[in-house]
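Everything on this sheet refers to the single structure shown next.
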Amino acid sequence: MPMTFVFITVGFSITIFFSLVSIITLVAFICSVFIPILSIFFRSEGFIFAITCFIEEEVNLIVCGYDISQMNYFLKILGGGREVGRSAIEVGNSDGSIILDYGVNFDEKDNPNFPLQEMPGKVKGFVVSHAHLDHIGALPIYQIGSLNTKVYGTVATRIITETMLKDFLKLSGAKIPYEWVEVRKTMDNFMAIGYGEEVEIDSLKVSLYNAGHIPGSSIIKVSSEKGVIAFTGDINLTETKLMKPAEIENIGDANVLVMESTYGKFNHPNRKDVENDFYDKVMEVVESGGTVLVPAFSLARSQEVLSVLAERNFPYPVYYDGMSREITEIMLGFKEFLNRPDLLKKAYDNFNYVKGWEDRHRAWKEKGVIVASAGMLKGGPAVYYFKKLSENSKNAVFLVSYQAINTPGRKLLEMGKFDEYSGLLKARLEIFDFSSHAGRRQLLEIVKSVKDLEKVVLVHGSPDNESSLADLIKQEIGVEVITPENGQEISL
């Protein structure tokens, strides 16, 4: 009997062992076949997000019954901390949060850097300040797989965002973790709201006001029973041809101000003086038989330059190339977001859009002005024109955009040549401050306009710009100023 029991036990154990081996083998086979397929379909980020969402939902079924009035709110820097671009600011409490902007910036090799990610099930929505890539370039990540996160912004921002994301995907598709389907879902989930309109997202109330930066740009005001947060996004108090000044009177009741600091160390020259200087020097070059290349961002800077030339009835040919025509047509469809739509329409009607290589060849052969992207000469038709025009001392390259470190535009300013392998530039080189960001004095003015301010959080600036501006604010106003790193959480 004992021996029989032993044989039965051993036999049973062997059966269980081989059954387990079979199950493990089957599971391994299924994983080897289906997980790659799922990964291709969702991509790694989406697959992880989907699993995370499922786990979070299960946890939320168990943990519930929060009293919102007892919750502590926080602000977390997911991007834009002591750096320019990659803007991403999370605001919320333990029950959920919203994210203000979700953009990218680029490394030395032009690879996109993405913000930190929050648990997807926790994020109740995104609110977008404007449609520059450093504020919207990462939004589709939260549409991967089963995710359908709502996005809020002005109608102009919505339409321009679609154009910008399509172009980003076309140029950098292999370097980014989403595809066209996620861009499409982003736009399907994008809710347009007007200036002054208030929407509720979970326990927070959100409203938008003109930020004066580009058409559709917004200051974002977030209100709860605990207080008010104002996020400037990119902001400008200077009237330009394209934009009216920011409406900072609408955020005077903020308790916490999250503010950009791109030009925290610098003041901008008088805008009218810049426009006059630019026009006079363009005329000098053209009337001497030369051609002026103006590398400019397709979104806003190109339209600003074209409007300046249109206002003065520039008597020579003007060509514009790149995505600027599509953006211009969008802007003309939303004239309520423009300061001088008449000037932009005049430029659109009278200046020459480059439709192909025949037009491109004609443009650089004529004495006149060419406005072309990209603004930092990192690519686009501007590089073609630069190569054609740079060897002739009669011609000129007039920079009107911010030139980031390690870009060809910055190298031109620092070394006088396009890159380490090029010869010295023979054409005339000038730079003009057509900035659409507030300077040091204006940033201080914004802070002073807020009456019950408890703290200022500086973002979207290099460490030296943030530190310099922080010192000024402390000295002039005496309020607490924080210059956070990415990942830092601030209790409110």
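A Cβ is built for glycine as well, from the same backbone N, Cα and C atoms used for every other residue.
Using a 10 Å radius centred on the Cβ of Asp234 (divalent metal cation 1 binding site) and all shown protein chains, the other Cβ atoms total 25. What Swiss-Prot records for His130, His132, His213, Asp234 is divalent metal cation 1 binding site.
Sequence-distant neighbours of His135 (divalent metal cation 2 binding site) (same chain, 6+ apart, CB under 8 A from its CB) are Ser87, Asp101, Tyr102, Gly103, Val128, Ser129, Gly233, Asp234. Annotated divalent metal cation 2 binding site per Swiss-Prot: Asp134, His135, Asp234, His460, in sequence order.
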*CB within-chain contacts under 8 A for His460 (divalent metal cation 2 binding site), separation at least 6*: Gly80, Glu83, Val84, Gly85, Ser87, Asp234, Glu260, Ser261, Thr262
_Coarse DSSP state, helix versus strand versus coil, of His132 (divalent metal cation 1 binding site)_ = coil
*Per DSSP, three-state class assigned to Asp234 (divalent metal cation 1 binding site)*: coil
*Far apart in sequence but close in space: which same-chain residues, 6 or more away, have a Cβ under 8 Å from His213 (divalent metal cation 1 binding site)?*
Ser129, His130, Gly233, Asp234, Ile235, Asn236, Met243, Ala246, Ala300, Ser436, His437
